[in-house]
């Protein structure tokens, strides 16, 4: 490659990236996933689009996509709270294993019938599109206030289901490439255990070593993020090299670092946020360039049948069977999880495997995977907000600070500065600071008014437009945000958690005469907390609801996994 070609490469790459960034606001206006914008830019720049760029280097696409996916999973792991595993780990693992296998089987049979393929070839198509995509799920769920059980299950599933899909894809390619070779069940079982076992061990072990290394190192501030990124990629590559799941390993590395006091954690997350955006743009641009839309014309009708068959039948069946042991999931939860089986980059990456192996029909597999991804992003991704509202798994948006930044006083400091801007409808307007019930361990460090820094005292009264800088820790974030939150304008949001609240240590016997509750066959000392556990199980989450006798009960407050208060909606009001 000469200097002119290199400059042309830089020019085209930078131009496509800039166009993708500038077009990204269209995502919210059109109600479509932002990843689809990046993919569309790549397709338009490609062979059949106005750009006319001929790109058919599957090896380069595979390299770029795997690197990008590793970075996205590292960032996603660092932002996942281990506390969510309390309610979502086992359901997510069931979906990541049994769910993928069931989806693969049903989708594979449909593909074999629709495209007149051998049943093994059909299963290969099913395996390629069988897993949900972490990049798509993390991107579309980011910033959404979903029921914790549902949101965490979807995120953990997307971060851990790729090993199963990779295992099935690689195994089926090996069988199809050597049809005369018999592969024993024990061999396949050992391969499966190796993928998951090595992936988990190297992810957690490598995460611990990297965490120790980061905290013991004394580096320039900007180098910690590079150390984490390079360390994560080392573990990712080592896991793949040894036969484990690099995807699972790097997700667990991020999970370990994100849930431990890590030196420079906030700076690392800021850098990873930018790297994740670059990775998403680069990955979907390259995959878009790889597609020749005219090749999809011949598979249009059966392709739609396959995509909608997977969305409307295979995925729901897999979800309902996989979640059978978990009674805490309501029917609405299950339907929403079924609908958010988003496909993205991973199926396209897996579709490159047969191309690189030189399998007959590999181009068909690739085109089918791409078509399914396009339909999934357009149909499921674009309707995510509507689906969440219909399934009633979306909680009222949590009040959050305008910005937050770390205060790196100590190597593993967890102190942060939260910035709040007070509008006229904030609850605390007009109140002196001394009357604010500030959470323990927090302090208002500064108040800005009309671009002027005030020296706050107990008598300082807050005004609309004030900007507050509050020093505290993440554990106090919810209490602070509620204190400085805006009064909800939407009446439905106001009523989501009920007409009034009661604490869970209240005895039902005390409520019975007020609300006409019948307590036959119930213990005299039964509390509201006991009722919640009997109705929702041991691990309820914020927003969980149930109807009991004439009242509608909603979990309205949690502390360290325990329900602290419950909202009650009166029977005279219409129930959700």
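Our numbering is plain: 1 for the first residue shown, then up by one each step along the chain.
Note: Cβ is positioned from N, Cα and C throughout, glycine not excepted.
According to Swiss-Prot:
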TRANSMEM  6-26  transmembrane segment
TRANSMEM  34-54  transmembrane segment
TRANSMEM  58-78  transmembrane segment
TRANSMEM  87-107  transmembrane segment
TRANSMEM  109-129  transmembrane segment
TRANSMEM  185-205  transmembrane segment
TRANSMEM  219-239  transmembrane segment
TRANSMEM  242-262  transmembrane segment
TRANSMEM  271-291  transmembrane segment
TRANSMEM  299-319  transmembrane segment
TRANSMEM  335-355  transmembrane segment
TRANSMEM  359-379  transmembrane segment
DOMAIN    405-486  domain 'RCK C-terminal'
Beyond the flanks of the transmembrane segment (271-291) by 6 or more, those residues with Cβ under 8 Å of it: 16-17, 20-21, 34-35, 38-46, 53, 55-56, 58, 60-61, 64-65, 67-69, 71-72, 74-75, 78, 135, 139, 222, 225-226, 228-229, 345, 348, 370
Secondary structure content, the domain 'RCK C-terminal' (405-486) (per DSSP, counts of residues): 13 helix, 30 strand, 39 coil
Cβ contacts the transmembrane segment (185-205)/the transmembrane segment (299-319), at least three under 8 Å, sequence gap 6 or more: no
Contacting positions for the transmembrane segment (359-379) when only residues 6+ beyond its ends and CB under 8 Å are counted: 32-33, 35-36, 39, 111, 115, 117, 121, 124-125, 128-129, 133, 136, 173, 176-177, 287, 291, 295-296, 299, 303-304, 306-308, 310-311, 341-345, 347-348, 350-352
The transmembrane segment (109-129) versus listed stretches 34-54, 58-78, 242-262, 335-355: most Cβ pairs under 8 Å: 335-355
Listed stretch, out of 34-54, 58-78, 335-355, that has the most CB pairs under 8 angstroms to the transmembrane segment (242-262): 58-78
